[in-house]
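Reading through the structure tokens given below for one structure.
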Amino acid sequence: MSPEPRKHTPEAPGSSNHSPAQATPGRNRREPITTQAFTAPDVPARRNPENSAPSPTAARTGALDHVPARHQPVTQPSEAQIRRWRRYLADEESEARIYRYLAQRAEGKDREILMQVAEAEKRHQQHWRDMLGEHVGKPVRPSLSSAFLQFMAKHFGSVFILAIAQMAESRSPYAEDPDATEEMAADEAIHEEIIRALATSGREKLSGNFRAAVFGANDGLVSNLALTIGITASGAASSMVLLSGIAGLLAGALSMAAGEFVSVRSQRELLDASQPTQVTLRVAGDLDIDANELELIYRARGMDEEAAHHRALERFGYLDCDCDPSLSHRANEEGEEENVALGTDIGAAAASFSFFASGALVPILPYIFGLSGVWAMLLSLLFVTMALGFTGGIVGLLSGSSPMRRGLRQILIGLGAAGITYLLGLAFGTTLG
């Protein structure tokens, strides 16, 4: 039996009992609108200028699209506009290829999502072709950043490329360019969130051992640079500086490995201890039906009182469970995912030791090759600066922020620590001398 259609009863003029879905005359887009349904019969849908048919989007959402769009067709574009539009077209074509290259290296739903994003870029390409008209001309090269990203995606498609693509989408100029439509700017914002979600899953897979590796290398760079610079400033011989650097390398690497091992092992044990057990399945049949605390288990796990009561009745067989009860609280359902993100304790310790040692090796390279004095110190500073910029850039890529900004921050922190120890070395050297 089909439901009876709702009848609309006209209200008297001046009545304040308006339906939330009705639009107030004169309201613009920037005012908040509260709706209870996805349709707004009193609001005219946006019209397509070609056939005056309601837009499917407007019919679906009921948005107030009577406000004129900011995009207006340009009949006689200037040379600057033509150049800009052709560059936009080249970048859109490059972005579509980037997503296709990444899709070729992806699997499952990630591949499908990337291919759909690549297809969506064709809408933007067609917009710029329509705007250019007879001025399309020969294809131009994309921007240097797009070309670099395309090369990296083709040969080294990974989470790093997704992270860079995320930043590229966030820098889209369509929000400010009057020649781009509002829909295009909205598309770019949606694409950014799609790539952010895909990159996030990749970051989580690397957040265990990779985190220990990157930050271990950074700690080795900063700590051993500060140590060698301070010893050099005190006036010690080059052999003493080298010996101190090697001792600092071994001591720091072993300390980092031990700390990482204990940290990861403790975190895994904490997660394992927090996982629910199968006790409700084993002992439900032996409980007193009239007096028991089974509901309290589910309330302690976060369920509200009604849901906990419902689950308890399922356990006693009064209600049919709409799922397999044995799968309702698998002991390793969430624990396995979190443990994978943590990585293994041995792997984290080995990675931390290796990368701290590799980072701590950089400041003492000039002394290993026999240099001494000011030249050895300057070369050590140069090598460490380059390494800090690299590790900071990698961290920036993984976090979705600017690699240059993160690299510069790492450099300033490292050189700041080295400068402080250099001044302390001068002070102690003068005092002891």
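We number each residue from 1, going along the chain as drawn.
Cβ coordinates are placed from backbone N, Cα and C, and glycine is handled just like the others.
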Any idea which of 147-168, 411-432 is down as transmembrane segment in TrEMBL? 411-432
Beyond the flanks of the transmembrane segment (346-369) by 6 or more, those residues with Cβ under 8 Å of it: 208-210, 212-214, 216-221, 223-225, 227-229, 238, 241-242, 245-246, 248-250, 252-254, 256-261, 263-264, 375-377, 379-380, 383-384, 387, 391
Same-chain Cβ contacts of the transmembrane segment (411-432) under 8 Å, 6 or more residues past its ends? 218, 221-222, 225-227, 229-235, 381, 384-385, 388-389, 392
